[in-house]
Structure formats: C-alpha cells, structure tokens
2 protein chains.
Amino acid sequence: MSVVGIIAEFNPFHSGHEFLLNQARLIAGNDPIVVVMSGNYVQRGEMAIMSKYQRAKVALQSGADLVFETPFSTAVEPADLFSLGNIEQLAKLGVTDLVFGVENANLNFAYLGSKIAEIPQNHMDFKDYSQTYSTQYNQMVAREVGHEVNQPNAILGLAYAVANHNLGSPLKLHPVNRIGAGHDDLLQRNGVVQSASAIRNLLLHGEDTSNLKYWVPKAEAIELSKQEIYPNWNLLYPFLKYRIESSSIDDLRQIYQMSEGLEYKMKQEIHLSRDFTEFLRRIKSKRYTYSRLRRLSLYTLLNVTQDDMIASFNEESLMLLGFSKTGRQYLKKNRKDFQTEIISKVDKRSAKSGSLALQVRTDRLFEQIMGVDQNFGQRPIEV
Amino acid sequence: MSVVGIIAEFNPFHSGHEFLLNQARLIAGNDPIVVVMSGNYVQRGEMAIMSKYQRAKVALQSGADLVFETPFSTAVEPADLFSLGNIEQLAKLGVTDLVFGVENANLNFAYLGSKIAEIPQNHMDFKDYSQTYSTQYNQMVAREVGHEVNQPNAILGLAYAVANHNLGSPLKLHPVNRIGAGHDDLLQRNGVVQSASAIRNLLLHGEDTSNLKYWVPKAEAIELSKQEIYPNWNLLYPFLKYRIESSSIDDLRQIYQMSEGLEYKMKQEIHLSRDFTEFLRRIKSKRYTYSRLRRLSLYTLLNVTQDDMIASFNEESLMLLGFSKTGRQYLKKNRKDFQTEIISKVDKRSAKSGSLALQVRTDRLFEQIMGVDQNFGQRPIEV
C-alpha cells in the first residue's frame, strides 16, 4: 500500500498542481492521496488569496482524497520547521510516500538530505550578521554537497529531505519535475502553466481574468473571477499600522520572533511608511530576509505571541477540510490508529487551546476581510 | 486678580462657546482666561470631530488666552473623575474662578456641591445591578437636595462643584446660563445656536454645510467644510473589531475598566455585529450606560490598560496647545510657580512616561485616520 502525501499551499491551485496530483496518482494507484495544506495564511507571511475551503475543494476535485489544514504554527514558519511539521503530520496520518515538485528531479534528495542532516549543529550557528541566515545556510549546503542548490523548489525539497531524515525517514521521497521546469517549459511559453505568484499578481492588479481558465480548473476560475476581495498586504496594512502604533514596546516584545530590538525599529518605521512595501524596505537589514520580516509582520498583525506558538506546537491537531469517497474510507478505517488528532468540526471545547485556538483566532481577520466564517459552523467538504 | 478657568471639549467649538468665553471675559477683565480642553478623544468615548490644534486655535481666536490639553486619563472618564482632574489642573495653573454653562444658573452649585460631597461614601455604594450607576447616583442626589438635577450640563456642573469642594474649594464657581437654554431659546429657534452634537451629526451625515457659518466662527466653518474625514465610530469600527478578535481574553482583561466578564461578552458580540451601534446594543446591560460602554470600547480600541491609566494619573502633565499675548505673559510670569508640568514641545524624553506617553500613543490612531501628526513636531499656536 502506498499512501501518498503532498505538502501544499495551493495559493491558488493551478495546472502545475493538477500535474503533481496526477503524478501522485501514478504512485498511489487506488490508495489515497493525502494533502496537508496551509490554511488562510501562508509561508511567505501573508494571507492566502482564496479561502482554505475553496482551495481544498478544487484539490479534491482534482484528485486529492483527503485535505487537512496544516496548523498555523507549522504553516507560517521557515522551510526547516515548515518541513518538519508537515512531514511529521503526514507520517502520523499513515502516509508512506511523499511526492513533491522540483526543478530537477534527478537530484538524489534522500541522499542529500541525510548528508545535510548530519552536518554537526555547530556548523549551522552562523555568526555573520551581514548576511541572512538562509544565504549562509545555502552556502554551507553548497560546500557540503559540492554544488549549489538555489532553485526555490529544490531548496524546499531539500528541507523536506532533511526533515524526513531527522524523523527517521518515515516517507519515501518522490521528487517530480514541475511543469514549466526544464524540458516542459514549452507549456509555460504556450501559456498552459502559470506560477501561483503570477496568478496572484494578475488578480491583485485587477487585470483581465479571461485567461484564468487556462491556468486553473474551470470551476476555480469562475470562483476567482467572482471573488470581490483578494487578500493582500496593502489591504491589511492599515491594521498592521494601527496594531504597531497602539501597542506598547512590551506588547510588541511578546510577539513570536520579535528579536534584537526589531520592536523599536518597527514602531519607528511604521509611522513613517505609507504602505507595506515601504515599511518592509525600511525595516530590512542584511541580517533578515524579506520572508522572515513578512512573517514577523504577520505574527504582529495577528498578535501571535511566543506563548501562542509554543501552545500550538505542543498541541497540534489537524483540521479536516475535505475528503473524497476513497478518503472517507481510509479515514474510517485508520483514524483510530492516527498519532494525531483530527478535527472535523470546530466547537468551543476544541477551540479552547492548542493549534485550533490559534487557528480560530488568526482566521478572525480573514473572516473580517472576506465576510465568511472559516471554522465554527463549517463542515468538511465531500467530493 | 481673577484668573478665569474653563473646562471644555469644544467638539466642535460653536457660538454657545463664544458666548461662554464672553461671559468669562466679563469676570476676567484684563486677566487671562485659561482653558483646559480635552485632546483628540472626548468624554463620551469617541474621537473628536476636529483635531485638538484646530479646536484650540478657534478658542484662542474667540477670546481664550491659554489652552492646555487635558490628559487622556482625565478627559476620557466619567463626570466625577473628569471634574476632579480638570479642576485640580486649573487650580495648579493659578486659576481662581471657574465659569461653566448650565441650563439654570440660579441653582446654588457651591452649596449643592458641598452637600453632595458630604454624603457618606457608603451611601454611594450602589448595589442595585438592575440600574446604572449614574441613575442611582442621580436618585441619591435628588433625595439629598430635595429635587432632581437631570439636565446634562447641570449634572456636569454639580460634578464640578463636588470636585471643587473635595479639593478644598480652590475655585469660585460662576455658573452661567447657556445660550439656547431657558429664555434664550429664541436664539436656538432662530438657528443662531446649535449644539455641538447637532453640528457633529450634520457633518457626519454629509449634509449641506452652508449653514455652519451661523453656528461656528467663520474660519472654523471653512476648515470644517474642507475637512475630508470626520472621525466617528463607524470609521473606527473595523479597527475595534480587528482588535477584539485578534486579542486573547487575557489581553482584553488588561484593558482599563474591563470588568465582570465584559471581555467575554465583547469577544462574542463583536463577531456578530455589523457596526458599532449594533455592537453597543449587544453589549448593553442594565448595569452600564452607553457612555460607559463607549468609553470601554475606546480604551479597547486604543489598547489603554489599567497600568497605562495609573501611570498617566500618577504623572499628569499639561500640553500647551496655544496662547494669546496675555496668555504668554501670564505663563512667563507664573510658570515657575505652577504645581503642574507644562509641555510646550513633545520630545522623546518627555514622551517616555506618564500622561504624555499615553497621549502620544493614543493620538497615533487619530494621526492614522487624519494624516496629520498631533504631537511630535507640533508647537503651540500663537494668536
């Protein structure tokens, strides 16, 4: 039995993801494809462009059998923690194989992952404050494996491989070439594939959406075209500004990842910044990447403290967003053996603590912006 | 020498206030008229309709000699604390006489104030939770003085009188009949006087402002007509909703005056409310007046904690908003004898603690809404 797992954001779901699901189906056969998908907030530190239910639905319609929501405390984290949390959850769900898209599937990810995982920890204590952590990490990887790994999906794939190794290799790794990469880029040139970020940009800039149907499943294209608001940082910036200006330095210092005086810097610069881009530029230093600072801004916006994250880490449950018939059967048969708690219905008790409490609270702003409840009163989608 | 004090909000300044200043001039003669005016937040728990500098300027142009900003921790409080703080500050500024407008100046405020002030404290420990504190207070006053005092300015005047008595009667009280009250209401019928709330409503409902010039000084009418944004709770509601939904119950419990489980009530009801009016209605109970709940909402919006208020109470300074020539001379001669600190220029040091720290922080939202800095970089207005 090959229960195939996919780690995803689907922000939004597009034909490249369809291709990945088809590749996963080749491995899974009649066994289920299990997706752990980030909720309404994504790794690069922003709100998703479409609600988690809408994104889960299209994934199910495109071949996924189970879609679970990755807890915020795993979803909005750098690649290493993002990978560790997601792979651990997949393993707890009985997943045996991980399928992921990369620019070059010929790399031996399992081997590279184990090699990097065994680099002594003290080699990772980067002390050069004039470079970001991720730059120094990538340089270290290049030294150790003999060549640079600098394409975004390869870097993420490597992080999966390292995490998998560190967890005792519960998953068999199946890197697959992404559409639009290498020999497939004919498809990209012909406009059959667009990256998620290209699609987001098109939506955010209010451009003509008539080509959407070539890039995303038709039902999704219709939903996206009808959507009145596309969440983005420009929309959220007044709330961030209000939050930072009305918070005391002590309040800000409680925020997860607020370190090295960034609370003073943020308070000073937000007052002078007209928009989010300017704010990010003003707080940028050599030490931190934009992704890190965008995530920090998101934690601040959502009032996510160090304590909140620890409470969530320590009690991560998985919210079931939807299932197919195959998915339901798998769930029915195996649920009792899962090493993780599955939430099918949010109620006051389950929302009281742990990752679900954080999810409910952070989703409130998404609900305020979009006008649709995301947890209470929602049930998993059946496809 | 009669240094005349006025306690004001001027939200906005109108012909009734001009009349009051003229009455004050009759008493002051060549001596100064000193105004303590609330800043950008007012007693009924909302943002002022016009900035503190604009309101101070028109007061100075209409005869005031010195305008100081009442600290937030006095300005946004129920009548008793509002009165106590303001009268104490006036006394510290060397003021000898208090002029205030009431519906009926024939009441002997000094006598009534002393009588009420001497009611034993345990008579004020109202235990009837089915009525608001202020209803029970007014009933008690009626019992003690033999008749009801229920007109809004009379109630406030009485609070001044009680506070003055409690402070050892530093000020001589001069109640004056408000224009539009009693025999003067011909003026109101003829449209020469409008109340501040009527003027605010006209502005907020986007009505024709061509009549403004009859009700407020001409220069102010022009400024008000040009103003693009009139602060109000509808504008602020998205921020309040965001604040309450993103705060933990523990965060909310730190807010000044958050008591008896109101933090749970607010969190529950804000999610269900479409606007501020609905929210207030939903959290209303017999125990609390709308004013109290509006102030609580304002404290929440501005993240004003119990600790913030205590820190401000314990270190109240007065920001000088503007002065006339007479005012400047008075200040020059007497400043060293004042029992209170005067701030003419906000700098990082002075803004670090006490009432100025709270003022700077709470004004940030006003600045965000209006786009004009309110403290740093501002100097007192000279008229």
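Every residue, even glycine, has its Cβ placed from backbone N, Cα and C.
Annotation comment: Swiss-Prot describes A:7-20, A:Gly101, A:Asn153, A:178-179 as ATP binding site.
Annotated features taken from Swiss-Prot, shown on the structure.
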residue: A:Ile7; record: ATP binding site; Cβ within 10 Å: 24
residue: A:Phe10; record: ATP binding site; Cβ within 10 Å: 27
residue: A:Phe13; record: ATP binding site; Cβ within 10 Å: 29
residue: A:Gly16; record: ATP binding site; Cβ within 10 Å: 23
residue: A:Phe19; record: ATP binding site; Cβ within 10 Å: 21
residue: A:Asn153; record: ATP binding site; Cβ within 10 Å: 16
If H, G and I count as helix, E and B as strand, and all else as coil, what does DSSP give for A:Asn153 (ATP binding site)? helix
